[in-house]
Amino acid sequence: MQQFGVIGLSVMGKNLALNVKNHGYSVSGFSIDKPEVDALAKYEDKDLKPTYTWEEFVNSLEKPRKILIQIMAGKPVDETLQKLLPLLDKGDILIDGGNSNFHDTNRRYEEMEKHGIHFIGMGVSGGEEGALNGPALMPGGDEKAYEEVSPILEAMAAKTPTGQPCVGYIGPAGSGHYVKMVHNGIEYGIMQIISEVYDVLRTVGHYSNDEMSEIFKNWDKGALQAYLIEITAKVLKQKDNLTDDHIIDHILNEASYKGTGNWMLEDAIRLGAPITVIAEAVLARFMSKATLRDDPEPKIDPEKAPKDLVDQLAKALYLAMAVSYGQGFEQLTMAAKAYNWRLHYSTIAQNWEAGCIIRSQMLHDIKFAYNADKDLPNLFKAPFFDKVKKENISALREVVKIAADAGVPTPTLSAALNYLESIFNPRLPQNMIQGQRDYFGAHTYQRNDRPGTFHTEWYEEK
Ligand code: 6PG
């Protein structure tokens, strides 16, 4: 009898199966795509059992069965559940490791619960390489069921630099997939921030691709250390195999998306979460596909570039990244309240510290901030991040100015600056909005000097 089962054996599923097996567990694999099962059979490993039918797969597993479903999100997951249900026993545990929408996971969790099946919606991050060598895992669902599978999940997960596993119970129902969705929103934010910094470096600083690669490589050695910074250096360095140029100069500048970042924005709108950097990052991908491309390229005199451009950009990048993370955690805080989840933000930061796409040195500091105050209302209320803001905001302001003067768009860098200028500002001008609303629609307003709800009989000047 095998200890763990994996359904779906394309790259992610196959690598996760190998990962579990490499940690000493026996695994059965099944796919409706026969060649994928044949590929597993080629390993000829007694702890890696290829199975060719639903029945053979389910019957090969010891009870309670622990099954990871690693297939395309959406309808295929529902179809798989329908196939499995008649074959399972009460108490079996299903784990959906795809990028499922948390609404679907909430629904599936309830449906499975009715049949006595435990359903865990688990965010998995780290791509193909992470799946094999240690992904970050974000499991949500029934806590008791989580405890049953936690030894396997902990064994297969990435480990933080201090050796803790990048997996921990997130919360009930769809909360694990919610956290993965937020991970992806933060990912969109940081990717766009980096892209804007690259744009300022090349357009204002006139740095070559190799020089920029070195700049990112150096940044990756210090406080800015992050997987996305590391791969940016590599993307900039790579030569094309069709021409002698750098590949980056031949990649069409239209960003695609599968949509998890967009989902975060949809829920932010429902919750009223001010995730401006992530929203701009989502919209920047739309903009890149809608651009009319008929402006002349900006021409900037290299002499005009400030001497400390690289240092200023490093500081702006660091602070804007902190805002992207901060907004992610802000939305999590609002979602936890709205959906009645008890989320542990330091566990979430730890889950993201290694293995996943947004892993970085900064997540270590975020984990400490939430360890020190588990109810932190905003990341920038933590002393460490308050200092980060104070030390870097003038550089961010300067970079936004430099870019504006050069005609370089900075949707996320500007959004990060505006967020920080707004969120702690006691003098925001929205008193005017309230006045206007009351004027044209008698929508009423609150006062800043006494409690209650008020309406003014606005008078027209004669
Ligand atoms: C991860 C990634 C992964 C996927 C993104 C890509 O954590 O491993 O986030 O899930 O690569 O979803 O998303 P887009 O196609 O929307 O950019």
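Backbone N, Cα and C define each Cβ position, glycine as well.
All TrEMBL annotations are machine predictions without curation.
In this structure, Arg285 (substrate binding site) is part of a helix by DSSP. Annotation source TrEMBL lists substrate binding site at Asn99, Ser125, Gly126, Gly127, His183, Asn184, Tyr188, Lys258, Arg285, Arg437, His443.
Positions annotated as domain '6-phosphogluconate dehydrogenase C-terminal' by TrEMBL: 176-459.
Look at Lys180 (active site, proton acceptor): DSSP puts it in a helix. There are 30 other Cβ atoms within 10 Å of the Cβ belonging to Lys180 (active site, proton acceptor). According to TrEMBL, the active site, proton acceptor annotation covers Lys180.
The Cβ neighbour count for Glu187 (active site, proton donor), using a 10 Å radius and every protein chain shown, is 23. The active site, proton donor annotation in TrEMBL covers Glu187.
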Candidate with sparsest Cβ neighbourhood (10 Å radius) among His183, Arg285, His443, the listed binding-site residues: His443
Binding-site residues: Asn99, Gly126, Tyr188 - member with fewest neighbouring CB atoms within 10 Å: Asn99
Pairwise Cα distance for Glu187 (active site, proton donor)/Lys180 (active site, proton acceptor) [Å, integer]: 10
Spatial separation of Asn99 (substrate binding site) from Lys180 (active site, proton acceptor) - C-alpha basis, Å: 8
Span of the substrate site, taken as the largest CA to CA distance across Asn99, Ser125, Gly126, Gly127, His183, Asn184, Tyr188, Lys258, Arg285, Arg437, His443 (Å, rounded to a whole number): 49
